[in-house]
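Lifted from Swiss-Prot, the feature list:
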- E114: active site, proton acceptor (ACT_SITE)
- 120-365: domain 'Radical SAM core' (DOMAIN)
- C127-C370: disulfide bond (DISULFID)
- C134, C138, C141: [4Fe-4S] cluster binding site (BINDING)
- G187, E188, S219, S241, L242, H243, N327: S-adenosyl-L-methionine binding site (BINDING)
- C370: active site, S-methylcysteine intermediate (ACT_SITE)
Amino acid sequence: MNEVVIPSVLQDGSVRPPESRKQNLLDLDREGLERFFADTLGEARYRAHQVMKWIHHRYVTDFDQMTDLCKALRAKLHQHAEVLVPNVVFDKPSADGTHKWLLAMGADGKNAIETVYIPDKGRGTLCVSSQVGCGLNCTFCSTATQGFNRNLTTAEIIGQVWVAARHLGNVPHQQRRLTNVVMMGMGEPLMNFDNVVRAMSVMRDDLGYGLASKRVTLSTSGLVPMIDRLSTESDVSLAVSLHAANDTLRESLVPLNKKYPIAELMESCARYLRGSKKRDSVTFEYTLMKGINDQPEHARQLARLMRQFDNAVQSKDAGKVNLIPFNPFPGTRYERSGETEIRAFQKILLDAQVLTMVRRTRGDDIDAACGQLKGQVMDRTRRQAEFRRTLEGQADRDAAA
C-alpha cells in the first residue's frame, strides 16, 4: 500500500507541497525554530539555537555532523526535519568582482531565480530575490518581461544568503565579505510580505547572519498599505523605486502608481520614518533613461519632491536619491542616459541640497546589473527549458564522471 504523505504547514500558514512531510528548518526564524523544538520534538528551546548556528554559521545541513547534539536528538531531527537549500544550477563571476548565481527552487527545480553579490570598498552587498518573476510590469525592468510565477518561501529567500555566505566563507564575528543584503532582486518583496520579513529576521539575528538592521534594505515599487505594515514589524532600511517625480510619467514607467500615486507613497514613507527613532532616511531609486526622465526639469521636480519630504518628516536628508544608469537588456526600447546628462542631473539635485549618489554599474557583463535579473531568458517557457537542458547536462557530466 502506498504511503500517504501529509502536507506540512509553513510558518506563514501556507501548505507545503506534498513532496515532503518533514519541516525544512530554513523556513523558520528563531521563534519558529524554538517552537518546533518545543512542540514537535519535545526539546529545550536552546537546542534550536545550537542547530540554527550549525546551519547559518557553519553551513552544515546534515544533522549527523552537528556534533554537539546527542544521538537521540539527531534521530528525532532525521525523522521530523530537514535542511533543504537551493540548488546552484550555475554561478558566474564578472570581471569587476560581481558574482551571480542561478538557483533552482522547489523539489522539482522547475523554477529558478538569480542572486547577485557585489563587492565594493569595505563592503559586500548581496542582492536577493523574493519572487520567481514579477507581476508589476515596470516597463524598464527585465524581470517584468518573464511575468510572475510564484512567491519564494522563507527557505528559498534565506537560502540565497546561505549559498552566497558559504561561497564567500562569511562567518559572523570574523572578517566579513558579506556585509549588506538588499531585497532588490527579482520580484516585489512586499507582495511576499510574511516570508520576506521572516527571512530578514534571520539575516539580522546573531544566530543567523548577524547583520544590523540598517544593513538590510527592502526595496519596493510602492505598495502603500504594506509599507505601513512593515513599519510595525521590522526596522530594516527602506528604499523606494521612484524613477519619476510626477504621476503622469511614473504611471508610464511603474503601473502601480495608478493605484498608489506619488503623494500617497511619500506620505507612507514619512510614516515609516516617524514610526521608529532607529530610522533616519529613505532612499529613492531613480533609473535614468535617455530622453525619458533625465531632463533638467525632471531633476528640478525630484529636488522639490525631496525638499517636501524632508519638511514632512522635519529632518534634513530624510530623502536620499540613488541615481541608477539604465542597464539595457534584449528587446527594451530604453537607452542609458549619457554620462554628461547623468552628472548634470546630479548637479541640479546637489545644488538643491539633496543628498545624491550615482550608482556604479556593476556586473552588466553577466546580466547582473540593476534591472537585468530575469532567470537568464525572456519568458517562463524558455527559462524552464534552459533549466532542463542545464540540469540534463549536469546529469550527463555526473554519469560520465
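Here, residue 1 is simply the first one shown, and the rest follow in order.
Cβ atoms here come from the backbone N, Cα and C positions, even for glycine.
The distance from the Cα of N327 (S-adenosyl-L-methionine binding site) to the Cα of the residue listed as 'active site, proton acceptor' comes to 16 Å. A 10 Å cutoff on Cβ-Cβ distances gives S219 (S-adenosyl-L-methionine binding site) a total of 22 other Cβ atoms nearby, all chains included. Taken together, the residues of the domain 'Radical SAM core' (120-365) have an average pLDDT of 94. If you draw a 10 Å sphere around the CB of C141 ([4Fe-4S] cluster binding site), it holds 25 other CB atoms from the protein chains shown. Of all the recorded positions listed here (E114, C127, C134, C138, C141), C134 has the Cα closest to the Cα of G187 (S-adenosyl-L-methionine binding site). Listed recorded positions: C127, C134, C138, L242. The one with the lowest count of other Cβ atoms within 10 Å of its Cβ is C138. A distance of 18 Å separates the Cα atom of L242 (S-adenosyl-L-methionine binding site) from that of C127 (disulfide bond). S219 (S-adenosyl-L-methionine binding site) falls within a strand when secondary structure is assigned with DSSP.
Across the fold, the C-alpha of C127 (disulfide bond) and the C-alpha of E114 (active site, proton acceptor) stand 9 Å from each other. For the recorded positions E114, E188, S219, a Cα-Cα cutoff of 10 angstroms around C138 ([4Fe-4S] cluster binding site) retains nothing. For H243 (S-adenosyl-L-methionine binding site), the Cβ neighbour count at a 10 Å cut-off comes to 28, with all displayed protein chains included. Taking E114, C134, C141 as the recorded positions under consideration, the smallest Cα distance to E188 (S-adenosyl-L-methionine binding site) is found for C134.
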